[in-house]
Amino acid sequence: MIYCASASPVSSEISVSMWNESQLAGNPFHAPQLMDLRRITVAVLLLCMSAAWARVLLLSDMYGTMHSPGFPEPYPKDSEVQWNISIPEGYQIRLYFMHFDIEPSYLCEYDYVKVYSQSEELAVFCGRENTDTERVPADDVILSPGNILSVAFRADFSNEEHYSGFEAHYSAVDIDECRDKNDEVMACDHFCHNYIGGYYCSCRYGHQLHSDNRTCKVECSDSVYTEASGLITSADFPKPYPKSSDCLYRINLEKGFSVTLEFDDTFDIEDHPDVTCPYDHIKIQAGERVLGPFCGDRSPGRIQTGSNIVSILFHSDNSGENLGWKLTYTSTGSECAAPILPPNGQIEPLQSKYYFKEHITVTCDPGYLLQKDGEELKHYQIECQEDGNWSSRVPLCRNKESQRSHHSVV
C-alpha cells in the first residue's frame with residue numbers, strides 16, 4: 001500500500017509510506033507486481049512533491065501583496081495556493097492586479113485565479129488577454145461585499161509554455177453603510193452617520209433610538225386625553241409610523257360620559273394574509289370590553305364604547321412602512337328625561353332630551369311665585385346627573401294673591 005498525506009495548509013509538509021519491496025523481491029512470480037509497485041511509487045512521490053505547493057495563507061493586515069509561487073519566475077506545475085483575507089468589520093477589501101500571465105484555457109479550466117467572498121464567486125481569470133472564453137483582470141478593481149475575500153491560484157500538471165504568473169495588491173476600504181438605504185438589516189430609520197470603520201444612527205426630535213441602534217421609536221406610553229372631544233393619530237401620521245413602538249392613548253372622562261370613536265378612512269397597518277394581525281395592530285379596551293385587534297387597510301369605522309374611560313393600544317414591530325391611522329373621538333353624557341313643565345311656569349332651555357351636566361332653569365309666569373321647601377325664589381336651577389336623574393324635583397308656581405290671603409289668615 002502506498003499513500004501520501006495532503007499538504008498541510010500552512011507548512012506544506014508531506015509524509016510518504018509504502019510496503020517494503022523485500023516482501024515481493026524474493027518471489028519470481030511477483031516480479032511484474034514489483035515493477036508496477038516501483039512505477040506507482042515514483043508517480044506518487046512526484047505527486048506528493050508537487051502537492052507541497054498546495055497551501056493556505058491567512059492575511060489580516062489592512063493592506064498587502066500576493067503573487068504566484070516563484071514570481072516573477074514561471075510558476076511551478078501542479079501548484080495551489082489560497083489567500084484568505086480577513087479584516088475588521090466596517091471595511092471592504094479592494095483588490096487589483098499589477099501583473100497577470102496565466103496559461104490560457106477554455107473557460108479557465110486548467111490554470112486560473114479565482115476570487116470569491118465566502119460562497120459568492122466574484123471572478124475567474126486566466127490567459128494573457130480577454131477572449132470569448134477567457135478573462136484577464138487588466139485594470140479591473142474588485143471590491144468585496146464585506147470584510148472577507150479569498151484568492152485561489154491553481155496550476156495543473158502541465159504547461160506547454162512558461163507563464164510568469166501574477167502579482168496582486170489588496171487594501172482595506174471603508175464601507176459607507178449610509179450609502180445603501182435599501183438594506184433593512186443595516187439601514188437607519190432617520191439619520192445615518194458614517195465614519196472610518198463603521199457608522200451610527202440617530203433620530204429626529206421626539207424619537208428615541210431603539211436598543212438595536214438603528215430603529216427610531218417614539219415615547220407614547222401614556223398619552224392622556226381629558227377633553228370631551230379630540231383627535232388622535234399614530235405618530236408621524238400621515239407618514240409611516242415608527243417601528244418597535246408600543247403606544248398607549250387614554251381617554252379619561254368624568255363618569256357619566258360615554259366615548260364614541262370614529263376612525264378615518266385612511267387606515268394602513270401592517271397585516272398578514274393568513275394570520276390575524278400578527279405584526280402591527282390596534283386594540284381598544286373600554287371598561288370590561290376588549291375590541292380588536294385591528295390591522296390592514298380596512299378602517300374599523302365608528303365604535304360606540306359605552307364607557308367614559310377608553311384605552312387605545314397600538315403596537316408596531318421592527319419592520320414595514322405603513323402610513324398608520326387617525327381617529328376623532330366625541331362623548332355624550334347620560335340622558336335625563338325631559339322634566340314636566342310646571343303649571344304657570346317656564347323651563348329654559350326647553351328641549352326634548354337633556355344630557356349629563358346640562359342645566360335647566362325654572363321660572364314662574366307673572367303673578368306667580370316659585371316655592372321650594374317653603375322658600376320663595378325668583379328662579380330655580382337643576383342639573384342632569386351621571387345616573388340619568390335630575391338633581392332635584394321641579395318646584396311649583398303658586399298664585400301671589402292666594403299666598404297673600406294665606407298669610408292674612410294666618
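Cβ from N, Cα, C; glycine included.
All annotation found in TrEMBL is predicted automatically rather than curated by experts.
Under the heading domain 'CUB', TrEMBL lists 48-173 (among others).
Marked as domain 'CUB' by TrEMBL: 220-332 (among others). Sorting the domain 'CUB' (220-332) by DSSP state (H, G, I as helix; E, B as strand; all else coil) yields 0 helix, 57 strand, 56 coil.
The feature disulfide bond is assigned by TrEMBL to Cys220-Cys247. Taking the Cβ of Cys247 (disulfide bond) as centre and 10 Å as the limit, one finds 22 other Cβ atoms among all the protein chains shown.
Annotation comment: TrEMBL describes 334-399 as domain 'Sushi'. This prediction places the mean pLDDT of the domain 'Sushi' (334-399) at 92.
Counting Cβ atoms from all protein chains shown, Cys220 (disulfide bond) has 17 others lying within 10 Å of its own Cβ. Residue counts of the domain 'Sushi' (334-399) by helix, strand and coil are 0 helix, 34 strand, 32 coil (DSSP-based).
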